[in-house]
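To start, the structure itself, in structure tokens.
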Amino acid sequence: MSHQGKKSIPHITSDRLLIRGGRIINDDQSFYADVYLEDGLIKQIGENLIVPGGVKTIEANGRMVIPGGIDVNTYLQKPSQGMTSADDFFQGTKAALAGGTTMIIDHVVPEPGSSLLTSFEKWHEAADTKSCCDYSLHVDITSWYDGVREELEVLVQDKGVNSFQVYMAYKDLYQMSDSQLYEAFTFLKGLGAVILVHAENGDLIAQEQKRILEMGITGPEGHALSRPEELEAEAVFRAIAIAGRINCPVYITKVMSKSAADIIALARKKGPLVFGEPIAASLGTDGTHYWSKNWAKAAAFVTSPPLSPDPTTPDYLTSLLACGDLQVTGSGHCPYSTAQKAVGKDNFTLIPEGVNGIEERMTVVWDKAVATGKMDENQFVAVTSTNAAKIFNLYPRKGRIAVGSDADVVIWDPDKMKTITAKSHKSTVEYNIFEGMECHGSPLVVISQGKIVFEDGNISVSKGMGRFIPRKPFPEHLYQRVRIRSKVFGLHSVSRGMYDGPVYEVPATPKHAAPAPSAKSSPSKHQPPPIRNLHQSNFSLSGAQIDDNNPRRTGHRIVAPPGGRSNITSLG
């Protein structure tokens, strides 16, 4: 199949489908009903539906009917050192559908200094010709340059982009200073955008990387050692603090550690509009693998922020996800082949970062959260689909089983056992970080745009059948609260009378005083310290004085100062 320029192929005609005998699960309710799909939309929900003849019927047999998953954190063609991640939009979205995800939001990652608009069009074209499922695009702001504001305005107003990621890490590449973050947050709030933050302290990471390499540590364990969770937590705190001063919502991507999650949870209790997104990897595995004797296995887990070496972290993050302190699960899907990872075989800083998870995400969440009793089925729908749809202004078109919503539907079997393995996954990489994990919960049937794309373990898709889904700015789930808070908590000056008292006249000083020569450059000339030395003075008495005829007193030794004798070594 050939593609010239923009996608010219017709979308596959949607089937008329009737899902009968299922239990519909939304984020806020569960009930038994039939669902009729036509023209890519949910047309009817209820019992004893009247439908046209020739409709294909799917017997759900009491199983769960849930909204298709939405993965808002993928990197399907991320550049790294002249390479791109192993899964393109065809292979990546094919894997997503096999796991029950029917929409992704991928990251556009421009080269620093390059045009955001040009990069967006490049990603858009690649996704439009290859994607198997619906998609949208974040645009990462990799540098804050002249003209970036105009491009951001065009992306929001004309291109259907309402979310942008900024970086606090990757010094001398993507990293922004605090003042740039403040400037970017302020401008993006005015556009009604969702601000995503990669939160790590890039300055300290750069110092730690240098120190650890100098110690002779070059393997994947150096990646974790140079990025301790304190550096993630500090950056999360700083991002929330900056956003709080501006009263703008902030979304922390890839929450990987207990410390970072705790800061988000505490901040939400105090009021800031902050959202946290753990990924499948941080919920399903840990960073102990960085110390594996098998270099290729250890390198497979390299991602940033790194997975926590604390093996209790996944369970802890799952608990916070279940209680609402964290709200969305992504995958951070950005796998590189073992050969690509091996570019950093002698230097951990050169290992391209990224893990798999686009296919495993929903199964991992079900197994770790619902099958353990931490989370109910409605919360599962919320953290895998609905919350993302609300935050990124896709709701209720996506993220809900309702009349008028897109016909992106999954029949989910909570009891089906699945063993995750690279031998059967849809990704092109030869490893899987969840290798051998036995999980409860898996999709039986996946429907995208009203068409069955996955059934009985078989996937049926074609390149380019996915659609670009534009997103409008100012999502109500976020900005309704922003508007109210601006009115209620706006800054106001104090009404007071004018001060009419004396004003001290400060002598004018030059803005840039010439520095005094250092002792090293003028060793023969003593330089007085910058503060007044009471033992040095050019004051002298000369000439006749009024008391010259008075007899002089001899010196007296003061035995005890006023207030009595003191001893600095005694507190008594």
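Here the Cβ of each residue, glycine as well, is placed from N, Cα and C on the backbone.
Per Swiss-Prot, the residue annotated phosphoserine among S119, S337, S542 is S542.
Per Swiss-Prot, the residue annotated phosphotyrosine among Y135, Y182, Y499, Y504 is Y504.
Per Swiss-Prot, the residue annotated phosphoserine among S114, S226, S537 is S537. Residue annotated by Swiss-Prot as phosphoserine (from the set S80, S115, S460, S540): S540. Screening Y75, Y316, Y336 against Swiss-Prot annotations picks out Y316 (annotated as 3'-nitrotyrosine).
Cβ neighbour density within 10 Å is lowest for T509 among the modified residues T101, T102, T509. Ranking the modified residues Y316, Y504 by how many other Cβ atoms lie within 10 angstroms of each Cβ puts Y504 at the bottom. Taking the C-alpha atom of T101 (phosphothreonine) as reference, the shortest distance to any of the modified residues Y316, Y504, T509 belongs to Y316.
Take the Cα of Y316 (3'-nitrotyrosine) and measure to each of the modified residues T102, Y504, T509: the nearest one is T102.
Comparing T509 (phosphothreonine) with T102 (phosphothreonine), their Cα atoms are 66 Å apart once rounded.
For the pair formed by Y504 (phosphotyrosine) and T102 (phosphothreonine), distance between Cα atoms is given as 69 Å, rounded to the nearest Å.
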